[in-house]
Every structure is written in C-alpha cells, then in structure tokens.
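Enquirer: Found this in TrEMBL, in case it helps:
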type: TRANSMEM; residues: 7-27; note: transmembrane segment
type: DOMAIN; residues: 14-487; note: domain 'Major facilitator superfamily (MFS) profile'
type: TRANSMEM; residues: 94-117; note: transmembrane segment
type: TRANSMEM; residues: 124-144; note: transmembrane segment
type: TRANSMEM; residues: 150-175; note: transmembrane segment
type: TRANSMEM; residues: 187-205; note: transmembrane segment
type: TRANSMEM; residues: 217-238; note: transmembrane segment
type: TRANSMEM; residues: 302-326; note: transmembrane segment
type: TRANSMEM; residues: 338-359; note: transmembrane segment
type: TRANSMEM; residues: 366-388; note: transmembrane segment
type: TRANSMEM; residues: 394-412; note: transmembrane segment
type: TRANSMEM; residues: 433-457; note: transmembrane segment
type: TRANSMEM; residues: 463-481; note: transmembrane segment
C-alpha cells in the first residue's frame, strides 16, 4: 500500500514529537480545574482571606475541547481555614478567575508572532526555542508554595499560555508540511487527540488521592514541564520541514534529503514538483502580511472559512456541556460524579482516535457537517432534559445520553478539524499569517467563553443550550455552503476551489445586474 510506505519511522517520530505541544496545551487547559478548591483555600491562607462558598462545578474553563471535565473537585474545604475571617471574598474570586483566564490571554498575545518565528527560525528550531517558555512557566507553578502562590501561578499560567499560543500555530504548520497528502488529515487529527489525552491525564492525576491534594498540587500544575523536556530532546532528532527548506530557503538538496527521510524509498519528485509550483506562486504573490490577508480579495473566502471553523469550535457549547455534567450525573444517582466525568473524558479520547481513521475515509467537510448536526440534536435533547428534569426523574438519563453524544459528535468533526484545515486552505505564502490570525481568533473566543459563560448560564439556566443549538445551526449552514472539501487535494487544488466559487459568485452578481437592467 502506498499509504503504508509513506508512514515511516521518521514521520511517526516527527509528528509524535510535534503534537507533544498540544498534549501540554490540553494538560494546561484541564489541570487548573480539578484542584480548584485546594488552590483557592491556599490562596485564602496566603492572602489572609476566606475562600468563598464556591465548592461546586467550575464554569470558568476556557477551551471548547472538554475543558470543564475536571471541575468537580471532591475535596471538602480544608479544616484549617478560619471561617471567622471577615474580608471580602471578591479578591479571592478575582485572583482565581485571573489564574484560569490569563492562560488564554497569553495565547492571544503570542499567536500573532507564530508566522514570524516560524519563518525566521524554521519550524523545528522555533518549536525548540518556545519550549523554554513552557519549562519556565511550569517551574513557576511547581514552585508556587515557596513564594506568593497567587503571583507565581498567574505568572506561570501566563507564560505557559504564551508557549501554547505559539505551539498551537507552529505544530499544525509543521505537521501539515511534513505529512504526505494521503495522510495529512489523519495526522492532523492527532492535534486534537493530544489535547484530549492531556486533559484526561490532568483529570486523573488531579484526583485527591493522587496529586489533587493540599500537599501535591504544585507538582500537578507543573508536571507538563516533563512533556516539554521530552519534546525538546526529541526535536533534536526531527528533520526540518522540506517545504520550508525548499520554498522559503531554496535549499533543494537538503529538502530532498529530508523528504527521503520522511517518506522512505518513495520517489520524492512528485512532491518536489508540487513544491516548485507552490514556490513559483509564492514568489509571484510575495510575502503576505496579516493586513494583506484581509484586504486582498484573493484570500477573503479562505480567511472567512478559517475564522468560522475556529469560532464554531469554541462557541459550539462544549464548555456548557461539561459545566452541567456534574449536576446531571449527581441527579442521576451517580455516587462519584468525578469518575463519571472522567468516563466522559475516556469517551472523548476514544472517539478522537476513531476520528483519526474517519477523517481520510469520509473527508473533512462531511465529518464537520455531521459533527455539527449531531451536536445540534444533542443540544436540543439536553435542553428538553434539563427543562423537564424537575417533572420527570428519568429525564436525567436523557441528559446523560445527550452529554455523551454531544462529546462524541464534537470529536467527530468540530473538535479536531479546525486545528489542521487552516493549514490546508492556504499555500506557503499566506499560510503563516493565516495560521496566526486563526490562532488569535481561537484564543480570543476561548477567552470570551471563559469569562462570559457563567453569566449567560446564570441568566438563562437550562435554556442556555437553546442558544448553543441556534449557534450550531448557523455554523452548520455556513459549513454546508462555504467550507470546501480538502481531503486528498493539494494546496493548489484547494485554492482553485475558492477561485471557482469567487468566479461563480461574480458571474451570479453580473447576471442579476443584467436582469435588473433589462427590467428597467
């Protein structure tokens, strides 16, 4: 099989090493939630204030990929907290909210530098350098008990967010460029698999009898530094992207050498020819800035698609699902809701693995549409279940099934596909700028959801899922009419699809103008 020949040991090592950045991303997203009560209690002791009565599911998660799964927390408030202290709990709430959301702020800030650092240093060297941020951020959190813990954790989360913002752009860029066309989608879904695996690890390690306790929580927060060290040393064994070498640096022989390392005995000339075409086009269009990306009509449709798939991932309602999951599991009679939520995490991971195989069989567009529609139906079922829960006890089971189905459909399409489809939509010239803009959009939506969802949930109650159902319908319609199929297509072929759509839209406008002129 040609596909099997393309899947070499070097390619597997390179992709595995790169997606360790997304493992750290997932771990950082999930790790802050499980030990929430313990860390709040520690903040209270350090600041001399009382932890507010917040020992319930946390709604301050920031990412649409199963962020809230570890929010239950099974620890009771530590006994040594002085309940008679009479200082404002708002300060503690502010510090906790900042500890959670500053991660997304770091990601927003650094996402715009992805293209610059990726082109300046190369994909592999850039990933090596930015790992210093991850190691530094994790050290700050790991040493939180040896200083002002709230300052060290907030600083560590911000620095780790800077790393994840850069990594979430560099990793898809590298993986898409080293992957053969036949495997580009399957290997692209590994980004999401790494995220959910990182989240699942953080949930399990965050259990109170492991690391989610008053003694071990600094180690829990800083543990992804181990993955950063592993990635750093493995990157020394990984070849630079042949596309970067050929198109950006003009190093033809080195590009061929690396391509042979990645492909084995396959003839590299077909890919070299494709790179040459891409290089010629990149040379003719020069370097594309972020401003040009928005002002040039050539890229407009692709940019809109790139932004909308990021928005649909974050605003799909996945955070809401995990916010309500604890309460639903408790009402259904589950004795230990934390384990039920970890069970959802396992389902999340399993179906991400399944999506790796589905994405090349069914295609990106069809899976994205199927995922959105499945989530839409699940959101409606969730709304009905929550609204009628007080009247019919068995509705809790409807809600439980809806949770699992929502997660499954999310991982089928809207979860993994946005991470790699942006790199597929653009050729070498505009790709770094496009990935930076899409990354910023993802992080910005991430931050908005983290900051605003609690207020929306308090305002709308169980009807919050009706809002998400409406958003999912909009996302489905947009994807149906605008998102192209990128499966098995070269970057040139994908660009041609947008050109045809643009010409078709222009011709339709001219025809309408002609008809209006005839009627007049």
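Here the Cβ of each residue, glycine as well, is placed from N, Cα and C on the backbone.
Walk me through the surroundings of each of these features.
Expert: For the transmembrane segment (94-117), the list of distant contacts is 28-29, 32-33, 36, 39-40, 43, 47, 54, 58, 60-63, 126, 129-130, 150, 153-154, 157-166, 168-170, 173, 290, 431-433, 435-436, 439-440, 442-444, 446-447, 450-451: same-chain residues at least six beyond its ends, Cβ to Cβ under 8 Å.
Residues of the same chain lying 6 or more positions beyond the ends of the transmembrane segment (124-144) and with a Cβ under 8 Å from any Cβ of it are 18, 21, 24, 117-118, 152-153, 155-164, 166-167, 170-171, 174, 218-219, 221-225, 228-229, 231-232, 235-236, 238-241.
For the transmembrane segment (217-238), the list of distant contacts is 10, 13-14, 16-18, 20-21, 23-24, 27-28, 31-32, 34-35, 38-39, 42, 124, 127-128, 131, 134-135, 137-145, 153, 156, 160, 163, 198, 202, 205-206, 211: same-chain residues at least six beyond its ends, Cβ to Cβ under 8 Å.
Through the fold, the transmembrane segment (366-388) approaches residues 309, 312, 316-317, 321, 324, 328, 355, 358-359, 395-396, 398-399, 401-403, 405-406, 408-415, 417, 461-463, 465-466, 468-469, 472-473, 475-476, 479-480, 483, 485 of its own chain, all at least 6 residues removed from its boundaries and within a Cβ separation under 8 Å.
Long-range contacts of the transmembrane segment (433-457) within the same chain, counting only residues at least 6 positions beyond its ends with a Cβ under 8 Å from a Cβ of the stretch, are 59-64, 97, 100-101, 104-105, 107-108, 111-115, 165, 168-169, 172-173, 288-290, 292-293, 299, 302-303, 306-307, 309-311, 313-315, 319-320, 323, 418, 422-423, 425-426, 464, 467.
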Enquirer: Below 8 Å between Cβ atoms, which of the listed ranges 150-175, 338-359, 463-481 makes the most pairs with the transmembrane segment (187-205)?
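Expert: Per the Cβ under 8 Å count, 338-359.
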Enquirer: Using a Cβ-Cβ cut-off of under 8 Å, list the residues of the same chain that are 6+ residues beyond the ends of the transmembrane segment (463-481) and lie near it.
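Expert: Beyond its ends, the transmembrane segment (463-481) has Cβ neighbours at 308-309, 311-312, 315-317, 320, 365, 368-369, 372-373, 375-376, 379-380, 382-383, 386-387, 414, 456-457.
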Enquirer: Could you tell me what the rest of the chain brings near the transmembrane segment (150-175), counting residues at least six beyond its ends with Cβ under 8 Å?
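Expert: Tertiary neighbours of the transmembrane segment (150-175) are 14-15, 18-19, 21-22, 24-25, 28, 32, 39, 43, 46-47, 95, 98-100, 102-111, 113-115, 117-118, 123-124, 126-127, 130-131, 133-134, 136-141, 143-144, 187-188, 190-191, 221-222, 224, 228, 241, 419-420, 422-423, 431-432, 435-436, 439, 442-443.
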